[in-house]
């Protein structure tokens, strides 16, 4: 599931086939049938992220503030001035790994993707998603039963969620996070991204998104060329 996530990311960025519509078609299959999520939802969120990375209220990937986490030096000071005591933010580096990675995919994403497709009437995406759950049920029900299927699905999503959050946080969150200052596009991309050392493991583990700087500057470039 994690590797299928990096694969759908490639198709979503139109970086595999020379024709855009081919990428869109296969993207729907990979994210819908192989992962059980809607392509329209991913596009809606991810395009905003690339347009304004790490810009609070414009990049949905950093919209955890101020409910659970205070990201960035500016926003954390803002909470201190307003005396908002929702969470013990001075300890967030300790509880982040208890709340964030385990809960994002199996709890938040799981219900929100269905809410998204129904609210926006994305019936084609919903059909693709249902093929994933039908296939999953038919494959594992004879072996595990209903409780076993639910347990397996939760376990897979729990592991995938930790994997996903580790990768996406390490190449964005250490960087500058603030309100949109209308800085030029090139500088905005550089301020919000950092790379992680190249190795066979890191390339595989992160879907080559350890080259986050190159990815944000050239988002349609095939991932195996980032290192160049």
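Glycine is no exception: its Cβ is also placed from the backbone N, Cα and C atoms.
Under the heading domain 'Fatty acid desaturase', TrEMBL lists 3-226.
The feature transmembrane segment is assigned by TrEMBL to 95-117 (among others).
Away from its own ends, the transmembrane segment (137-156) comes close to residues 1, 106 of its chain (Cβ-Cβ under 8 Å, at least six residues beyond either end). Residues or ranges marked as transmembrane segment in TrEMBL: 137-156 (among others).
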So what pLDDT does the domain 'Fatty acid desaturase' (3-226) average out to? 93
